[in-house]
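Chemist: Structure in structure tokens, see below.
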Amino acid sequence: MTFIAILSIFVMACFVGYYVVWSVTPALHTPLMAVTNAISSVIIVGALIASAEAGSVVSKWLGLIAVVMASVNIFGGFAVTERMLAMYKKKERSAAPAPKDRG
Amino acid sequence: MGLAGSVSFPQFFAGVAFAPPPVLGNDYAVVPAAGAHAVNPWVALAYLVAGVCFIFALRGLSSPATSRKGNRYGMAGMLIAVVTTLVTHDIASLLEIIIAIAIGGSIGFVIARKIAMTDMPQLVAGFHSLVGLAAVLVGWAAYLNPGAFDILAEGVIDPVSRAEMGLGIAIGAITFSGSVIAFLKLAGTMSGAPIMLPARHVINLATLAAIILLTLYFTVDQSVWVIAVITVLAFIIGFLLIIPIGGADMPVVVSMLNSYSGWAAAAMGFTLHNTAMIITGALVGASGAILSYIMCRAMNRSFISVIAGGFGSDGGGSGDAAAKTDRPWKRGSAEDAAFLMKEANQVIIVPGYGMAVAQAQHVLREMGDILKEAGVSVKYAIHPVAGRMPGHMNVLLAEANVPYDEVFELEDINGEFAQTDVVFIIGANDVVNPAARTDKTSPIYGMPVFDVEKAKTIFFVKRSMGGVGYAGVDNDVFYMDQTMMLLSDAKKMVEEINKALAH
């Protein structure tokens, strides 16, 4: 791919990001941060390439450490987002609210 | 960028080199390396699909109803990206990789399960630091083993790739050290107060300039010292940028670092020519930038002044007499509050972070339930800066089982106070201070606030009359005719009100 092609994708993606993020409801801004955290760990792709290939031992170990870090983020980020999103509930009609106090 | 690889570059590790000035142009494709030789179109397509999945992931967050589906799209995108990479590269060490993913994955999963919702800001800051460090490590790995990343051109690393690599490492390192400081401040391990160095603006600008110049120089000399110095300087600047920021500005810092982690991923995407990384990086970068903007707007602070730091220091604002006055105010009781709220048609609850500190969200939701059963319309009004990060208060209320359709944003509910019988302010202060609208000399002037004084009755839950908000300014609402102060610990007070309501 040429540099200009890549740059074009990047610039377009910035615009997509701009409009998509403005459409996120403010109530979900914390889950937004958690999920962006998880997806920015797509950097694991680079870490995998580094650790998968024979060549430089140092590079392989750097890659493996980066894989561990990105994995913390991927699993942690998606799991905590899922956990938060599960808490958002609509008003229950006529159903008795469960008086469960965890505070 | 856009430097052509048509000039001959010194050998790898050749030491200081004097290359002829590179020719400007964008004929990047003339360099046959850069992954061009063996790119399977299906692989590129798979990464593109992953990128699109990430767009859907964010798109899903436009409503709580679609949000979980969005999250699944995100997971699917990540799975596609990882599997594609593993399938299309010669894997010399699959077992090690699986072990690395298992270690990292289980750590992340356990943390995600255990973390308290009040601790989300530091969790997010901690996660940002990992993205930053991963970017640095990947950049270094690419530098040491450029062949694996297909960025070799005529025996040396392609100069454009070098610029991208330098930028990626620099942004990653800034994200890392900045996030570590943010994490320590938010977790309370380090004092939240801003730490001011003398001449810090000069030091910061000089360091930034050095990083940029060295990155440019890196395109003509790929010696290891250049990239090493860039890395070290970037670690230092990340640290220097965050230590002077504290207190109420931390939500902006967390959002800003979110943005940086995105730009770091995007820069690495440029190096690797990977569309999934570029799209994700742009999305995350935009997301963090917008959240920073929203937070700054909610505090009526300019981004520059936040970055320059110093707000929320213990001296300054609160120092000048802490606005202690002898103006008369009325004290209310739990019974007063219970009686008036039960008689009301509509009650608006304005929670602030103090409510979460007192762990009062669950009893508060019980109070709301009792009132609703008595036929009162109950709404929650959330200011953008009510928590420690964007949207934090919404999560805390959701955790306490408050339905999200009872929770309203500032601009959606501000018109309703005039038709509201009772406003119940708990753990908030600056966000209901009318001085933000009327007093030009106030430090919070211009900040959008709730028009609570338009309501018939105001109950203000507060620990004592002494303390003032973050900004250290007095609040006229305390002394208004329709205001009753409920001086107590937030949780205890609401529990007493619930008891009184039960009768």
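Here the Cβ of each residue, glycine as well, is placed from N, Cα and C on the backbone.
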Chemist: Kindly point out the range from B:73-91, B:339-357 that TrEMBL annotates with transmembrane segment.
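Modeler: The listed stretch tagged transmembrane segment in TrEMBL is B:73-91.
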Chemist: Mind checking which residues reach the transmembrane segment (B:224-243)? Cβ under 8 Å, same chain, six or more beyond either end.
Modeler: 13, 132, 136, 139-140, 143, 165-166, 169-182, 185, 194-195, 197, 200, 203-204, 207-208, 210-211, 214-215, 217-218, 253, 307
Chemist: Please tell me whether the transmembrane segment (B:41-61) and the transmembrane segment (B:276-296) touch - that is, whether there are at least 3 C-beta pairs under 8 Å between them, with each pair 6 or more apart in sequence.
Modeler: yes
Chemist: What average pLDDT is reported by the model for the domain 'NADP transhydrogenase beta-like' (B:44-499)?
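Modeler: Mean pLDDT for the domain 'NADP transhydrogenase beta-like' (B:44-499): 88.
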Chemist: For the transmembrane segment (B:73-91), which recorded stretch in the set B:123-145, B:165-187, B:250-270, B:276-296 gives the largest number of Cβ pairs separated by under 8 Å?
Modeler: B:276-296
Chemist: Which one, B:123-145, B:165-187, B:250-270, has the most C-beta pairs under 8 Å toward the transmembrane segment (B:199-218)?
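Modeler: Looking at each of B:123-145, B:165-187, B:250-270 in turn, the most contacts to the transmembrane segment (B:199-218) are made by B:165-187.
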Chemist: Below 8 angstroms Cβ to Cβ, which residues of this chain, lying six or more residues outside the transmembrane segment (B:165-187), approach it?
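Modeler: Here the qualifying positions are 119, 121-122, 125-126, 128-129, 131-136, 138-140, 142-143, 151, 157, 211, 214-215, 218-219, 226-227, 230-231, 233-239, 241-243, 246, 250, 253-254, 257, 260-261, 263-264, 267-268, 270-271, 388.
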